[in-house]
Structures are given as C-alpha cells and as structure tokens.
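Read the structure below first, then the notes.
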Amino acid sequence: MERVIVSMQDPDMGIKMRNQRLLITVIPHAMTGRDIVDWLIQKYSITEEEALHTGNFLVKYGYIYPLKEPRNLCLKQDETPYRFQVYIHTIYLARKNIRKQGELIEYEKECYNALHKRINHTWDFVVMQAREQLRASKQRRKSDRIVLECQEQAFWLINRPPPGVMDILEEGPERRNGANTRVQLVSGILETCAVDIEHNRKSLGRNRIKSSICLESFVKYCEQYQDHDPIMQGCLPSNPWITDDIMYWNMNAEMVPMPTKLRVERWTFSFMELLNDPLGKKELLTYLEKEFSGTHTLHINTHIQWLAKVFIPLKRFHILQFLAPGASRWVNIDSKTMEKTLQGIKHPHRFVMDDAQMHIYFLMKKDSYPRYLKSELYKNLLARAVVPQETKKSVFPFMRRQRHSSPSPALVTQTAEDNGKAQPNTGKTNTGTAAQI
Amino acid sequence: MAAQEVQPSETIAKLKSESEALKTKLEEERAKLHDVELHQVAEKVEPLGQFVMKTRRTLKGHGNKVLCMDWCKDKRRIVSSSQDGKVIVWDAFTTNKEHAVTMPCTWVMACAYAPSGCAVACGGLDNKCSVYPLSLDKNENLAAKKKSVAMHTNYLSACSFTNSDMQILTSSGDGTCALWDVESGQLLQSFHGHAADVLCLDLAPSETGNTFVSGGCDKKANVWDMRSGQCIQSFETHESDINSVRYYPSGDAFASGSDDATCRLYDLRADREVAIYSKESIIFGASSVDFSISGRLLFGGYNDYTINVWDVLKGTRVSILFGHENRVSTLRVSPDGTAFCSGSWDHTLRVWA
C-alpha cells in the first residue's frame with residue numbers, strides 16, 4: 001500500500017494537487033475523490049469498481065483523509081477534497097508493530113523512507129505557509145484549521161475505533177516468523193545448516209524434467225477436462241446452484257442405473273478416474289468376472305484374501321475393496337512380494353499391505369484396464385449412456401424453485417443402527433428452520 | 001594441552017556459505033532445464049470468454065469471523081468454523097444449519113469433513129485437533145462424543161483427513177506437521193523442516209496417495225513423503241508468509257497464496273516455480289486458493305475482501321468478484337466443481353457459481 005501512496009505523490013506521474021474548494025474555503029494541496037479514482041484506473045489498468053475499492057482502503061487505513069465529513073472514512077468519487085495524512089509514519093509503524101514487532105524488512109524500509117521524504121516536503125511547505133500567515137495576521141487561516149482538525153479526527157478514528165466500528169488494523173493470532181523467534185542456540189543453527197546442506201545435496205541429484213514437457217502436460221490436462229468443468233463449460237441439465245434444480249446431482253449419483261456419457265468417457269482418462277467412480281469400479285469387476293469365469297488362468301492366492309480380510313477395516317486404499325472376501329480370484333502375486341508381505345504380517349506395521357497393493361494396482365493398470373476399455377461391455381455402456389437435455393428456462397424466471405433437502409450422509413450409517421428413529425426430510429421447503437440445532 | 005578449538009561462529013559461517021553455494025548450484029541446475037515459459041506454451045490455447053459468477057447462496061449464522069470451511073463428499077454440505085469457537089455443519093443448498101458445536105477455545109482456524117460424511121474435525125488455539133461424530137439425534141450432545149486426536153505445542157492451523165476416516169494430517173504454529181490415527185490418537189509420523197509456523201497443507205491426489213505439501217511463515221513450501229517423514233522437495237520464492245497451498249488436479253503441480261499479494265504455481269517434475277499470478281493493483285495478501293476441476297482456473301481469496309479468478313495457463317486475471325465485506329479467509333471448490341464457497345471475516349459464507 002505504501003508503494004501506491006508513494007506513486008501517487010510522485011511530482012511527475014502522481015496525482016495533480018490543486019486548490020480545492022470546500023464550501024467557501026479554499027484548501028491548497030488537495031485532490032478530489034474523482035482524481036484519485038481516475039489516477040488508479042489509469043495507472044493500474046483496472047475498472048472503476050476496482051479503483052473505488054482500492055481507493056477506499058487507502059482512506060480506511062488512514063493514508064488519505066477526507067476534508068469533508070472526516071468521521072466517515074470512505075472514498076467518494078466526486079468533488080470531495082482529500083489530503084495525504086501527515087501522521088502517516090505513525091500509522092505505518094502501528095500497522096507493522098502489530099505483526100512484526102517494529103522490525104521493517106528491507107523493501108519496506110525503502111518504501112517508508114521514500115514516503116517520509118515526500119511527506120516531510122509537503123509538511124514543511126504547509127508549516128512555512130502557516131508561519132507566514134501568522135506573521136501577517138495573528139489569526140490562523142481557516143483552511144489550515146479545517147485541515148488540521150480533519151487530520152486529527154481521521155488519525156484517531158483509525159487508531160482508536162469507536163465501539164461498533166470495524167477495526168481496520170486488526171490481525172489474526174500472532175505468527176512467529178524467522179525474524180522474531182526466540183534466540184537460537186548455536187547448536188540449533190548448526191543443525192539447521194547441516195540439514196539444509198544435506199537436503200540441497202540430495203536435491204541436486206534428483207531427476208528433473210524439461211519445462212517444455214511439464215508445461216505441455218498442463219495444457220493437455222486442462223483441455224481434456226474442460227468439458228468436465230462445470231464452472232468453465234456449465235453442466236447439463238443445469239447447475240443446481242444456479243437453477244435450484246438438483247437433477248444434475250440425481251443423474252450423477254453414485255449408483256445410477258444409467259450413467260451419463262461424460263461420466264463414462266471420463267473413465268478413459270486414467271485408471272484412477274475409473275477406480276474413483278464406484279460405478280466404474282463395479283463395471284470393471286463385472287468385466288473381470290465375466291472374462292475369467294470358468295477358467296482358472298489367474299488365481300488369487302488365498303493368503304491375499306486373508307490379508308484383505310484383516311486389513312479392510314483400515315480402508316486405506318480403495319484397491320482393498322477389490323479384494324473383498326468372495327471377490328473373483330483373478331490376480332496373482334509374485335512370490336517375492338508375497339514373501340515380503342507375509343514377513344510384514346508377523347511384525348505388522350502400517351504399510352505392510354502397500355507392496356502387495358502396489359503390485360496388484362500396477363498390474364491391473366497395465367493389463368486389465370486397457371482391456372476393459374476395449375471390451376464390448378464398456379462400448380455398450382458408452383453407447384447407451386445418457387446425454388441430459390438442457391433444462392428449459394422457467395416460464396416464470398422470478399419464481400424460485402423449491403429447494404429440496406437431502407438425507408445427511410450421517411443418517412445412512414445411523415439407520416443401520418436404529419431403525420426408524422430419525423426420519424429423512426422429503427421434499428419439503430426448508431428455508432430458515434434449522435433441524436438439529 | 002588444550003586442543004585447538006574452532007570458534008562456533010566460524011563453523012556457522014563456513015556451513016552457511018556452503019549451504020548458500022549449494023543453493024546457487026541448485027538454482028543453476030533447475031534453470032538449465034527451463035526452456036520455455038508457461039504463458040508461451042499457452043499462447044495456442046483459446047482465451048477464456050466473459051466470465052460471470054455470482055453469489056448463489058449466503059450462509060448467515062456465525063457470530064464472528066469465519067476462519068475455515070470444507071465441503072462434504074455429497075457436494076452440498078459444508079462445515080465451517082469461526083473465531084467465536086462455533087463449528088457449524090450446513091446443507092449449503094438449502095442454507096439450513098444441521099449441526100452446531102461450540103469448541104472450548106476461540107479462533108478455530110481449521111476444520112475438515114470426514115470422507116464418509118459422518119464426522120468433522122476441528123481445532124485452533126487449543127493446540128488440538130478433535131473429531132466429532134455427527135449425530136442426527138436431537139437429544140444427543142455432540143460435544144460429549146468428542147475425540148481428541150492431535151496434540152501440538154502451538155495453535156492448529158490446518159487439518160485434513162487422508163483418504164479415510166481413520167487418519168488425520170495436521171499442521172501447526174509449532175512449525176511441524178503430523179499424521180495421527182483417529183481411533184487411538186496415536187502419532188503415526190511427524191514432519192520437521194519448517195523454520196516457522198506452518199499455515200496450510202494439502203494432500204496429493206495421486207494414485208499412490210502418500211505425499212502432501214505444506215506452506216509456512218518461513219516462506220517455504222515443502223513436499224513431504226508421508227511414509228518416511230522426509231521432505232522431498234522444497235520451494236522458496238515467495239516474499240512473505242504462505243497462507244494456502246493447493247494441488248493442481250493432476251497432482252503434478254501445486255499453487256500457493258501468500259501475504260506478498262501473489263499466487264504462484266510450482267511444477268513438481270520440473271522442480272521449480274513456473275508461474276506468478278499478480279497485478280500491481282493487488283496490494284493485499286492472498287489468504288486461500290483453489291483450482292477449478294480442469295485446473296484452468298485458479299480462485300484466490302484476498303485480504304482486500306475480493307476474490308480474483310486467474311487463468312492458470314495464460315497467467316492473466318479473468319475476473320474479480322466483489323461481495324464480502326471483510327477479508328476472505330477461506331475458499332474451496334466443491335467436490336464436483338459446480339461451485340465454490342468462500343468464508344470471510346464478515347461472518348458469512350458465500351457459494352458462487
């Protein structure tokens with residue numbers, strides 16, 4: 001913010017200060033609200049709305065104060081005159097003190113010095129003028145009086161906001177940072193240095209990929225998913241948040257009899273996409289069962305089934321659901337992985353299933369997944385998949401649809417425990433009544 | 001008789017210069033492979049058209065600043081926490097409040113929805129992360145079933161469930177992150193490496209699912225291996241505290257929002273910063289960032305009460321959204337990408353679409 005103020009006061013590129021009228025008094029070295037907004041628009045290539053918004057902050061933080069209605073700290077885009085606050089350095093330090101205990105870092109120091117220089121010039125000039133007037137007549141000029149009064153009021157409004165008024169200088173809970181933490185022991189510093197060095201050495205050795213390849217992949221990803229991004233392309237039949245119609249959610253519910261085309265297409269993007277969709281996972285399982293029914297080409301080792309039973313409660317990786325007891329036996333694990341896994345079982349740790357899981361996962365990704373995508377089962381599903389119709393605009397667009405509530409996920413497990421105790425809401429309008437509070 | 005003792009200050013100076021030399025070499029290596037800028041690659045991409053997003057829902061009910069929020073997997077429910085210690089679960093679609101819990105502390109800076117939708121986790125100045133199972137029984141006192149999971153030695157800044165209800169990842173003002181088992185409250189792994197408060201974290205969406213990124217007051221963003229506890233990559237290009245980190249949907253990059261008024265994109269495979277999202281007219285810090293589903297848009301909530309929408313590929317600002325009357329403190333895109341929700345110090349949450 002200081003940077004902006006410094007720019008504003010630049011004698012060449014800054015705002016032109018003129019004599020401004022306040023009723024019948026003429027105030028020298030002031031600018032109008034209109035001037036401020038126009039300058040911001042021009043300098044930063046922003047819209048009027050944004051310039052007004054930013055300008056308001058300059059006033060609210062006290063860098064500029066109004067000469068009319070000084071209790072109302074906001075920027076008015078009209079002929080209201082404004083001046084730069086001379087108590088600026090005090091406000092600035094107050095702000096910084098709250099966060100960083102008075103320590104100014106390099107670039108802030110620069111800004112502050114530049115600001116101080118500018119303000120001092122203006123202030124000196126005003127003081128000089130005032131002295132002149134005093135010599136000429138014992139009475140201070142009315143304009144000076146008004147200016148001083150407004151200055152003071154604005155300053156105190158910011159530093160001691162009256163009750164009920166927002167405190168613009170408020171920050172969140174105190175954060176420590178490198179600069180103001182407790183004194184570090186020599187041993188601590190040595191340790192941090194050693195760790196840094198080790199880390200940097202390792203980083204030097206890592207494999208990096210050329211930027212052109214990495215960045216190209218982002219372009220491809222964005223392109224691929226563009227149609228699946230409701231905020232970018234909209235969604236069919238309509239975005240529920242905009243039209244209050246939850247058809248989109250119903251059609252894309254976890255287990256629908258007929259999924260949408262977009263959803264089925266998405267399974268071709270990556271193996272992870274297929275597995276992330278419960279419906280996709282179910283389809284894959286169906287395919288595999290069909291493919292291997294009657295043959296014993298691939299045979300799952302019974303030990304793996306037992307492992308799956310033991311570790312399912314952990315639910316740490318969705319692949320486990322594939323290996324649920326009773327699932328088709330269709331994947332083999334090489335003996336080395338098996339041995340390692342069995343060893344792990346003897347001394348269980350969190351990752352004991354990981355190697356086996358990884359192995360199965362990558363086998364499926366390389367083998368079963370591409371075959372599924374080429375299968376008749378998938379192709380048929382894709383052909384039959386639904387493309388929703390866009391919701392026709394309502395005949396009475398100002399009439400809001402009823403917003404239906406949905407059963408809470410917490411309910412799903414509860415009704416399993418106690419039948420009928422909690423009734424799910426069904427399609428009643430719920431505006432404002434809080435059910436459980 | 002006395003062995004020649006090297007002055008500790010000498011050793012520190014020597015180590016520091018060695019560290020600096022390595023850092024410079026590292027930057028050189030990284031620069032060698034940087035053959036093109038993101039916006040250059042993006043030149044061939046169609047520019048985005050006019051962008052219209054409006055507030056579609058306003059959630060009123062918190063009595064003080066909203067500090068954090070998270071979506072439920074059902075795409076319409078939300079949990080939010082505020083300075084006055086209240087944690088509220090809403091059906092954002094109908095704007096109904098469904099549950100409310102009062103924490104025994106103020107400044108509840110972190111909250112998260114469990115993947116099952118049956119529990120929420122939250123914490124803040126109490127230095128703990130607690131899990132509350134959501135009960136639909138009107139007579140049941142949610143606070144009674146509370147389970148204390150994480151214990152840090154300073155405030156809790158962020159928390160997230162991993163891919164199940166069983167584990168929680170936390171970050172804290174004590175400079176560490178930690179992985180906990182919900183059932184037993186046991187510490188499974190701790191992550192040391194930040195030199196100051198850790199303010200944010202995000203789990204990688206990768207298939208192997210065992211890395212996460214954290215950002216802190218030491219201006220660093222670190223990528224960690226959850227199994228070993230090691231920091232595998234580190235990025236230090238921001239000029240101030242990093243308030244928010246979020247992975248790009250493919251998991252190959254992540255974005256960060258900082259008090260230096262910029263958001264930046266870091267590529268994990270190229271191992272460098274690849275884009276800066278900033279504008280001279282933006283002078284306030286970014287408090288929270290999130291991507292749209294395709295990763296083309298980056299939404300940033302700022303301390304000047306606005307939300308800036310960035311074109312991730314071209315690096316330009318697409319839109320600025322006004323509406324909040326105080327700082328935007330938290331922002332998340334919904335699980336199916338149909339909308340995003342922002343929470344603010346003006347006590348409200350807004351859903352935009």
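Quick reminder: no glycine exception, Cβ is built from N, Cα and C everywhere.
Where the annotation comes from TrEMBL, it is an automatic prediction and has not been curated.
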Range among B:12-39, B:208-235, B:320-347 that TrEMBL annotates as coiled coil: B:12-39
Tertiary contacts of the coiled coil (B:12-39) (same chain, 6+ residues out, Cβ under 8 Å): 265, 270-272, 274-275, 313-315
DSSP-derived helix, strand and coil totals, residue by residue, for the repeat 'WD' (B:235-276): 0 helix, 23 strand, 19 coil
Per-state residue totals over the repeat 'WD' (B:288-320) - DSSP helix, strand, coil: 0 helix, 19 strand, 14 coil
Recorded stretch that, among B:149-190, B:235-276, B:321-353, has the most CB pairs under 8 Å to the repeat 'WD' (B:59-100): B:321-353
DSSP-assigned states of the repeat 'WD' (B:321-353) in counts, ordered helix, strand, coil: 0 helix, 17 strand, 16 coil
Number of helical, extended and coil residues in the repeat 'WD' (B:191-234), per DSSP: 0 helix, 23 strand, 21 coil
Model confidence over the coiled coil (B:12-39) (mean pLDDT, whole number): 85
